[in-house]
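Taken from TrEMBL, the feature domain 'CTLH' covers 104-152. According to TrEMBL, the feature repeat 'WD' maps to 267-301, 312-353, 366-388, 524-559.
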Amino acid sequence: MGGVDDDEPPSKRVKVSSGALVGLLNGTSHREQASCSLSDSMAQPLASQGKDEVVGSKGVVKKVELVRIIADALYSLGYKYTGAHLEEESGIPLQSSVVNLFMQQILDGKWDDSVVTLHKLGLMDETIVKLASFVILEQKFFELLGQEKLMDALNTLRSEIAPLCINNDRVRELTSYIVSQSKNVLDISSEQEARLNSRKMLLQELQKLLPSTVIIPERRLVHLLEQALDLQRDVCRFHNSSVGEMSLFTDHQCGKDKIPSRTLQILQEHSDEVWFLQFSHNGKYLASSSRDCLVIIWEVKLDGRVSLKHRLSGHRKPVSCISWSPDDQQFLTCGVEEAMRRWDVTSGECLHIYEKNGLGFVSCGWAPDGKRIFSGVTDKSISMWDLEGREVECWKGQRTIRISDLGITRDGKQLITVCKETTILLFGWESQSEKLVEEGHNIVSFALSEDSKFLLVSLSNQEIHLWNIEAAINLVAKFKGHKHSRFVLKSCFGGLGQAFIASGSEDSKVYIWHRVSGELVLTLSGHSGAVNCVSWNPANPHMLASASDDRTIRIWGLNRVCLDHDDKHSNGTYHCNGGT
């Protein structure tokens, strides 16, 4: 009935079972499945088999659905006979007879018949019916083109596809294939060449399009198990290691020993309060700045030890902001309302000094391409510079205040600044769009997540707020417990998958919360002055650094030697001068 002739002779066409159809969807050869015929393995529902029967103590798992997804899993794993036996013994077919007929018609290229059967599947949403009809007839169109039946293809396009009124742009694109193929019928895109000989791909597309009540989603059982493991991992308050596989046999649970909680080193090179520190993106370096106006670059050795690499002088005022270049080969430093400097990591050489008409800078950051830098200026504007020091653009107005944080999203399209005491500005510098994060208390500092989807805002009321800024701005969580009254304290994302929030505190401690639950999981003691800033190593979830008014930096690691991890940490306490 209007189907496209198959290239193979009729004797080679076979009917395949529902399990074999699943095998086709999951990459198993249709000839490998051919020995199990459709009629032989079609299970007939038993009269006593109630469709609402449930299993399990919670009464939420329907037996029919469970048996069907188990059968689907068996077929997808290649256990076709076991899957067929399950269908037969349970009396529960994997797919209904109508669905099996529909899938067989797709494999046989009986396009008109398959469209008729599609309308018998009981789909309530007419849009889904039209979309499914569109992709079926599109396959018919391309196979006709492949057989050089241009007029039949054109007729299919005009009388069957176009009247669906679905995706007019695509219809015009299909028309162009006919026009362009008068000389070379097979001169079509690689995507269409792949689809031309792949009815299996069409089945997979239909499987995603049709409701799960009609055709079970591909590898549904595996997907459910992965969801369960992901949920166990997400709710585990201490999950912070990729070492050790999660098992289906036991519930997942980690201990506190996966969180850095023991001082492994105390770095004492600064002669005054340490205000800021930040690991490089690759985790190989740590930059710190202090009230002593020095910037120090530390190197993280392969054994986890941190050693002095460069002592950098030149700023006349304390450095309040440091930003690593995307490739970690350079970094920016910004003094308190003075010049901005660009440094080379390897040599420690100052490559350029950026100044602007006697004004000072309050913040700095790199564009993701590494070719431009941004800065907050004391006149409340934001400037963009090239690396040679030319100011490319300046956005004037109430763009920033004298807070040393500047966020740049991963796509480089949005700048994030504190534009008022209680307001954060998300500024689309190309589109000139503006979005605001409004807080009820003064903003002390903020940090942007690695994926640029979340913003961590430290407030003067001793709270840290987590905001989702990906689309509509909304408050996700609040973290409490640390002490804050006077100083600028900086918090950070960290740990495996940035699953934790860490912050300094005026009570000389480091506070760590579980990001999803909001629960305070650890407080780290050791400093003798306010902890101003914390930074979690992005490449090593077991390394955390903290900077304090006691003039020291503490490197925190695991509370025991983790022998099955590539990063080896000693349980001793080391000082940068070599003392223990």
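Cβ atoms here come from the backbone N, Cα and C positions, even for glycine.
Not measured: the values here are computed from a predicted model.
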Contact set of the repeat 'WD' (524-559) with the rest of its chain, CB cutoff 8 A exclusive, min separation 6+ beyond the ends, reads 240-241, 256-268, 270-279, 281-284, 286, 288, 290, 298, 300, 304, 306, 450, 487-496, 500, 502-512, 565, 567, 569, 571
Confidence over the domain 'CTLH' (104-152), expressed as mean pLDDT on the 0 to 100 scale, is 91
Given the repeat 'WD' (312-353), its same-chain partners at Cβ distance under 8 Å and 6+ residues beyond its ends are 275-278, 280-282, 284-285, 287, 289-297, 360-366, 368-370, 373, 375, 378, 387-389, 402, 404-406
Its residues classified by DSSP, the repeat 'WD' (312-353) shows 0 helix, 23 strand, 19 coil
For the repeat 'WD' (366-388), the DSSP helix/strand/coil residue counts are 0 helix, 12 strand, 11 coil
